[in-house]
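First up is the structure itself, then whatever we jot down about it.
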Amino acid sequence: MTQEKKDFTIHALPVLKDNIIWIWEASGQAVVVDPAVSEPVKEFLSQNNLALNSVLQTHHHDDHIGGTRDLISNWPSASIIACKTDLERIPFQTHSVTDQEVFTLFGYSVKVLEVPGHTRGHVAYYLSDTNADNRNPALFCGDTLFAGGCGRLFEGTPHEMFKSLKLLNSLPSNTKIYCAHEYTESNLHWANHLYPEDLLIKKRLEYVSSQRANGLLSLPSTIAEERKTNLFFRARTLEQFSQFRKHKDNWMS
């Protein structure tokens with residue numbers, strides 16, 4: 001039986017130094033993406049009279065799962081969705097998912113995309129069937145793709161991350177990118193350092209710097225924007241990607 005699609009809103013909840021917890025709200029319920037901590041989430045849900053429906057976990061790092069156990073204690077019936085290969089590192093998951101698996105939330109299809117590189121068991125969640133509602137597709141991508149950057153390679157290889165980014169780069173250009181950290185300004189400073197004559201990077205850096213100076217987020221981004229100004233997205237070869245990643249790892253702004 002097909003679930004009726006529900007009107008929804010995606011909220012940004014900044015926590016810690018630069019984490020963003022995304023809260024997908026519909027009809028008095030919420031899906032929380034990568035809850036680094038629990039108290040701000042509980043406060044937001046309480047203030048907005050929302051019940052926790054599900055938690056989407058992109059990977060096992062503590063600044064993404066640190067608040068989940070406490071949320072479970074408050075909403076024990078909530079679904080905890082995470083990658084099956086990370087079951088040992090995210091043992092409280094109730095729904096273990098695999099690459100290309102599709103499940104439904106709020107009447108919308110959500111596709112699981114395995115995107116290793118930052119960690120071995122990293123996944124992204126792609127909400128695609130929104131066109132009939134005049135909405136952009138949405139991608140919750142954790143620490144794989146950032147606005148202007150990508151995640152460090154803590155467990156994966158350059159080849160794995162390059163392949164993961166190529167997969168995300170193949171998504172529709174109007175896809176909104178809901179990544180898990182506000183790193184955009186730093187990423188663009190690095191890109192501008194390498195390519196000071198690139199007007200697209202320079203213009204975006206000016207805009208993002210203005211946003212941040214006024215206390216505003218630079219997120220979400222879009223696939224189209226990343227194709228223009230994200231050097232990791234623009235890398236044509238594995239060698240070029242690897243050079244960018246090595247340079248970024250050792251760069252000090």
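Including glycine, each Cβ sits where the backbone N, Cα and C put it.
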Item checked: Same-site residue for Zn(2+) 2 (record: Swiss-Prot; known: Asp63, His64, His181; options: Asp86, Asp99, Asp143) -> Asp143
Notebook entry, point to check: Can you tell which of His118, His159 Swiss-Prot lists as binding Zn(2+) 1 with His59, His61, Asp143?
Noted result: His118
Next item on the list: State the three-class DSSP label for His61 (Zn(2+) 1 binding site), counting H, G and I as helix, E and B as strand, and everything else as coil.
Entry: coil
Note to self: If I take the alpha carbons of His181 (Zn(2+) 2 binding site) and His59 (Zn(2+) 1 binding site), what is the distance between them in whole Å?
What the structure shows: 14
